[in-house]
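Colleague: So Swiss-Prot says this about it:
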BINDING   N154, R190, K205, N244, R281  DNA binding site
COMPBIAS  114-125  compositional bias 'Low complexity'
REGION    1-21  region 'Disordered'
REGION    114-146  region 'Disordered'
REPEAT    152-228  repeat '1'
REPEAT    242-319  repeat '2'
Amino acid sequence: MDQNNSLPPYAQGLASPQGAMTPGIPIFSPMMPYGTGLTPQPIQNTNSLSILEEQQRQQQQQQQQQQQQQQQQQQQQQQQQQAVAAAAVQQSTSQQTTQGTSGQAPQLFHSQTLTTAPLPGTTPLYPSPVTPMTPITPATPASESSGIVPQLQNIVSTVNLGCKLDLKTIALRARNAEYNPKRFAAVIMRIREPRTTALIFSSGKMVCTGAKSEEQSRLAARKYARVVQKLGFPAKFLDFKIQNMVGSCDVKFPIRLEGLVLTHQQFSSYEPELFPGLIYRMIKPRIVLLIFVSGKVVLTGAKVRAEIYEAFENIYPILKGFRKTT
């Protein structure tokens, strides 16, 4: 006979193993204070809940790590594909040539099929093949050359004097020299012939600017070195090198800069609110051109004179195609 069935109804809940959880049956204990609620509350297993929360937290962390790894892989793939595309574009622009025909405007665009195979284990950034628009710099025949020779306006050169220098002594004893260490950590010295300016640093390095030719720049640098020698320093003349050449010219006609920047977006930028000239970055030779609507052109970034001449002969037919006809 079942023990629970022999007990009164009000005591069956107490005798059952789940008596503490049986609703409707009040529980009384002499140890309970007077007025304590008699309705039992279910006992929660906090250990199982904490384990579930920890598992969910670990899963979320793993998902975040996987997402970060995927983003890093995508960024690396994009960088690799951009590098491959840039190298291919540079190679194609260096190999392009045009055949000029009389009575026709120079060709300004060239559509070339570019196939970029994805690297092993990567996904292609764009479908292959693609047909990017790359500007052409048409070669002008000798009979149709521009006839304009850019004039050199400034040459920047550097030289190493091979010894440490006391700039205060140089500024006090040399003529046409100024030194303000709070403003600039070099002595600024000037001479009249050739009219140039030198920046002399305490390490012995010197920068010479303002010369109009390579010979003038070398001559001016030697004169500055001689001045330092006369002040008692064991100065030498080492590692003379031309760092930058700036030239300018005028094509004698106005230019539509808006059309030029739309045609050559890869190589040019034009923000008239910030700077009135169009900035054109030529790849070969590596020259930066400042083109103004009036027809004035400034070329900078050359190491030798021939690079300035070559860059202008490349850009002249393009400027001719964007000549204003009003």
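Backbone N, Cα and C define each Cβ position, glycine as well.
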Colleague: Return one of helix, strand or coil for N244 (DNA binding site), based on DSSP.
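Modeller: It is in a strand.
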Colleague: Pop the mean pLDDT for the repeat '2' (242-319) in here, whole number is fine.
Modeller: 94
Colleague: How many other Cβ atoms are found within 10 Å of the Cβ atom of N154 (DNA binding site), counting all protein chains shown?
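Modeller: 16, counting other Cβ atoms within 10 Å of N154 (DNA binding site).
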Colleague: Any same-chain residues 6+ apart from R190 (DNA binding site) with CB under 8 Å of its CB? Would you list them in sequence order, or say none?
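Modeller: Residues satisfying the criterion: N176, A177, T196, T197, A198.
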Colleague: Using a 10 Å radius around its CB, how many other CB atoms surround R281 (DNA binding site)?
Modeller: 14
Colleague: Just to confirm: which same-chain residues, 6+ apart in sequence, have a Cβ under 8 Å from the Cβ of N244 (DNA binding site)?
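Modeller: Long-range Cβ contacts: N154, I155, V156, T300, G301, A302, K303.
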